[in-house]
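Q: So that we are looking at the same thing, I have put the structure below in structure tokens.
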């Protein structure tokens with residue numbers, strides 16, 4: 001990761017490093033004094049005290065959570081890398097399976113948790129949740145990286161008689177690395193969060209268990225201490241993968257090629273032909289999902305009362321005694337959730353893009369914002385919502401904040417990486433001609449950030465839907481998110497599955513819509529620069 | 001970072017610990033359901049709790065510690081629950097022989113086709129309570145009119161019907177989504193908080209927050225809590241049914257010992273089964289005492305711990321019916337296992 005830094009001596013550099021931290025500490029102390037009355041913001045001293053008091057138990061609990069997160073991280077990322085390569089190499093695999101990957105990102109926890117705990121032994125369900133929380137973001141990173149390979153070199157190799165797999169080994173895999181490591185930086189804190197949420201399913205140890213115990217007993221300093229440890233671990237894992245990425249890909253942003261990279265494969269077809277291909281692909285995806293769905297139920301002999309079939313879902317909205325009522329309730333829920341997600345998506349994306357621009361312009365900004373962004377994404381929203389609702393309320397603002405928290409971090413990372421992927425030579429050209437850093441950003445970096453931006457949006461759209469259901473469950477009590485939890489509590493699994501299918505279909509549709517927007521936009525800008 | 005060797009407390013069998021660390025896909029292919037192979041001719045049994053390990057579950061843990069399960073010929077594993085626990089599916093699938101849950105959830109699941117039954121009841125009185133700050137107390141159900149009530153999404157249906165049954169318009173109370181964290185009550189995001197945890201007022205008092213509490217059982221919400229859930233297929237299998245009977249006997253003995261010396265039970269939870277949470281001993285001791293009245297009622301003194309007397313079952317069915325859950329006693333309960341178990345008074 002290359003930052004454009006102004007020359008600094010060691011002292012100012014050290015000062016700039018510690019200043020943001022000191023600022024955060026100062027604000028924290030002030031808040032804890034001002035809001036001492038309401039008891040939910042403990043001072044740093046109380047938190048440190050709580051941490052020291054529990055020092056003897058952190059070892060076991062951190063080890064438990066880390067081991068689950070690590071296994072999930074490895075499985076999820078390995079699957080994403082393998083599948084990403086397959087998608088780029090075999091176009092039809094992408095057409096059939098990409099939608100299913102999107103679905104994996106926002107399939108509601110209450111729908112899959114009962115199945116995961118039944119079919120997987122031991123820590124399996126927790127590991128699976130950790131794996132699921134990294135799979136999609138890494139997949140996007142891998143596909144983007146593989147497609148960012150220089151087309152001139154690919155053409156050259158192909159003309160020499162190399163096949164797709166030679167191109168993969170000789171060019172694409174190397175081109176993938178910078179993007180992959182950006183993906184892994186997003187994945188590392190996400191795996192930790194997935195493991196913690198997994199511990200909410202029931203566990204005898206782990207940071208998630210500590211958090212649940214502390215919160216139910218209103219031990220606020222302990223709650224903050226556990227949350228701080230979670231954030232530090234997440235931050236550490238982020239730094240480790242940042243470092244590995246920098247060491248492993250020293251050439252990143254050193255090349256000077258300009259090409260319109262997009263996630264979607266670069267094929268030119270008539271509108272009718274591409275529509276037909278999309279339709280066949282969508283049908284194929286549906287057949288695979290339905291077959292896998294039935295297969296899973298049959299393979300594990302899952303009981304029909306909680307494992308509903310696609311036919312059950314269809315009947316729920318068509319022929320069931322109250323099908324009309326069911327459908328109406330579903331539509332109402334979808335509309336609320338869609339509204340919640342849309343606002344949060346817009347706000348989160350705009351905020352993350354602005355912050356990303358600030359970070360690239362003023363690298364010192366990164367040290368202030370990044371720790372905060374990681375902290376917000378490493379503590380479960382279940383735990384944070386009472387405080388967020390207190391500050392932002394439970395209305396539109398509160399929901400928007402919660403959804404933004406889900407989408408902000410991945411968007412920020414992808415856009416920053418995109419902005420920085422501009423070759424130093426290209427930005428230097430602008431600056432040697434007397435252009436400012438801001439001009440370099442406007443003329444060159446924004447262009448390079450476009451693929452990263454679209455990758456971010458592709459992740460943020462299903463992310464916003466998932467975030468909206470969380471906000472509805474935890475803060476507002478309306479929309480699909482609240483319906484899912486209420487139906488789960490009443491064992492109304494028919495309704496629950498219909499709602500899950502609705503959320504998944506919605507995300508796949510929105511995802512497809514972004515794909516339609518991306519190609520013409522990236523193409524337009526790529527051509528304009530040639 | 002790649003720590004695969006962390007010892008998993010709940011699986012004593014190294015084979016299972018090994019599997020837990022292996023790729024999930026392997027498990028999928030193998031069709032492994034996590035059954036622990038038999039050891040030392042003891043019958044392997046698993047109990048799935050609904051909440052994390054603390055004094056709420058001291059009965060089973062004392063039974064485990066004192067070897068009551070072993071004395072019955074059982075090798076019992078107790079698995080803690082959590083906020084997102086899924087007890088009924090675990091019981092139906094056979095991964096847990098016995099699960100602890102709430103009566104109304106089980107009743108709703110059965111009506112949706114879950115092949116399960118309730119065979120014993122830990123808490124004779126329901127601990128669900130309405131908690132408010134002592135500085136702004138909500139003393140009765142009527143007091144809630146015009147107030148904001150923090151409640152889990154899952155508890156809303158129940159509370160609405162309890163209100164309606166007491167001739168209070170459910171719409172006159174504003175429901176605010178909350179979970180197990182009582183901070184929305186303390187910070188004034190709501191006026192009252194629905195607590196499912198019996199010891200929550202005590203833990204709050206320890207943090208300097210004084211509360212007022214009244215139980216919903218005062219307003220006709222009379223259903224057992226922490227009930228023993230088993231699957232119909234377990235009941236149909238002679239050997240498995242016998243194991244459940246033994247689990248009931250041993251757990252009842254565990255509760256007896258725990259109630260006789262709540263301080264020791266609290267110490268056990270703090271020093272052993274809940275040690276990863278660094279529980280506060282004084283709070284756990286106080287909390288443990290609150291279970292005396294819930295677990296040991298007059299009916300228990302007559303019929304034994306974990307009992308489900310005819311009168312209590314009638315009250316349960318009547319409550320469920322008032323909640324709009326119409327189920328017969330025979331569909332929901334199976335008292336024959338209690339009859340076969342050794343009564344512990």
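Placement of Cβ uses the backbone N, Cα and C atoms for every residue, glycine included.
As listed in TrEMBL for this protein:
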- A:62-245: domain 'ABC transmembrane type-1' (DOMAIN)
- A:330-514: domain 'ABC transmembrane type-1' (DOMAIN)
- A:21-42: transmembrane segment (TRANSMEM)
- A:62-88: transmembrane segment (TRANSMEM)
- A:100-122: transmembrane segment (TRANSMEM)
- A:128-146: transmembrane segment (TRANSMEM)
- A:173-197: transmembrane segment (TRANSMEM)
- A:224-244: transmembrane segment (TRANSMEM)
- A:271-296: transmembrane segment (TRANSMEM)
- A:341-362: transmembrane segment (TRANSMEM)
- A:374-393: transmembrane segment (TRANSMEM)
- A:399-425: transmembrane segment (TRANSMEM)
- A:446-475: transmembrane segment (TRANSMEM)
- A:495-517: transmembrane segment (TRANSMEM)
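Would you situate these features in the structure and describe their surroundings?
A: Among residues of the same chain six or more beyond the transmembrane segment (A:21-42), those with a C-beta under 8 A of the stretch's C-beta atoms are 50, 220-221, 224, 367-368, 371-372, 386-387, 390.
Long-range contacts of the transmembrane segment (A:62-88) within the same chain, counting only residues at least 6 positions beyond its ends with a Cβ under 8 Å from a Cβ of the stretch, are 94, 97-98, 101, 123, 126-136, 138-139, 141-143, 146-147, 168, 172, 176, 180, 183-184, 187-188, 191-192, 194-196, 198-199, 203, 205-208, 229, 233, 265.
Non-local neighbours of the transmembrane segment (A:100-122) in the same chain are 83, 128-129, 132, 135-137, 139, 197, 201, 285, 288-289, 296, 300, 302, 306-307, 459, 462-463, 465-466, 469, 484-485, 488, 496-497, 499-500, 503-504, 507-508, 511; each lies 6+ residues outside the stretch with a CB under 8 Å from one of its CB atoms.
Through the fold, the transmembrane segment (A:224-244) approaches residues 1, 42, 46-48, 50-51, 54, 58, 62, 65-66, 181, 184-185, 187-189, 191-193, 196, 207, 210-211, 214, 370-371, 374-375, 377-379, 383-384 of its own chain, all at least 6 residues removed from its boundaries and within a Cβ separation under 8 Å.
Residues 92, 95-100, 103, 115, 119, 302, 307, 309-310, 508, 512 of the same chain lie 6 or more positions beyond the ends of the transmembrane segment (A:271-296) yet place their CB under 8 Å from a CB of it.
Long-range neighbours of the transmembrane segment (A:495-517) within the same chain, counting only residues 6 or more positions beyond its ends whose Cβ lies under 8 Å from a Cβ of the stretch, are 99, 102-103, 105-108, 110-111, 263-264, 278, 285, 308, 312-313, 316-317, 326, 329-330, 333-334, 337-338, 454, 457-458, 461-462, 465, 469, 480, 483-484, 487-488.
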Q: Honestly, do the transmembrane segment (A:128-146) and the transmembrane segment (A:341-362) touch, with at least three Cβ pairs under 8 Å and pairs 6 or more apart in sequence?
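A: Taking Cβ pairs at least 6 residues apart, the transmembrane segment (A:341-362) and the transmembrane segment (A:128-146) are not in contact, as fewer than 3 fall under 8 Å.
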Q: Take the transmembrane segment (A:173-197) and find every residue of the same chain, 6 or more past its ends, with a Cβ under 8 Å from one of its Cβ atoms.
A: 65-66, 68-70, 72-73, 76-77, 80-81, 84, 109, 126-127, 129-134, 137-138, 140-142, 144-146, 148-150, 206-208, 211, 230, 233-235, 237-238, 240-242, 244-245, 248-249, 252-253, 374, 377-380, 382, 409-410, 413-414, 417, 421
Q: Using a Cβ cut-off under 8 Å, which residues of the same chain at least 6 positions beyond either end of the transmembrane segment (A:446-475) come close to it?
A: 102, 105-106, 108, 136-137, 140-141, 144, 148, 258, 260-263, 336-338, 340-342, 344-345, 348-349, 352-353, 356, 381-382, 385, 388-389, 394, 398-399, 402-407, 410-411, 413-419, 421-423, 426, 481-482, 484-485, 503, 506-507, 510-511, 514-515, 518, 521-522, 525, 529
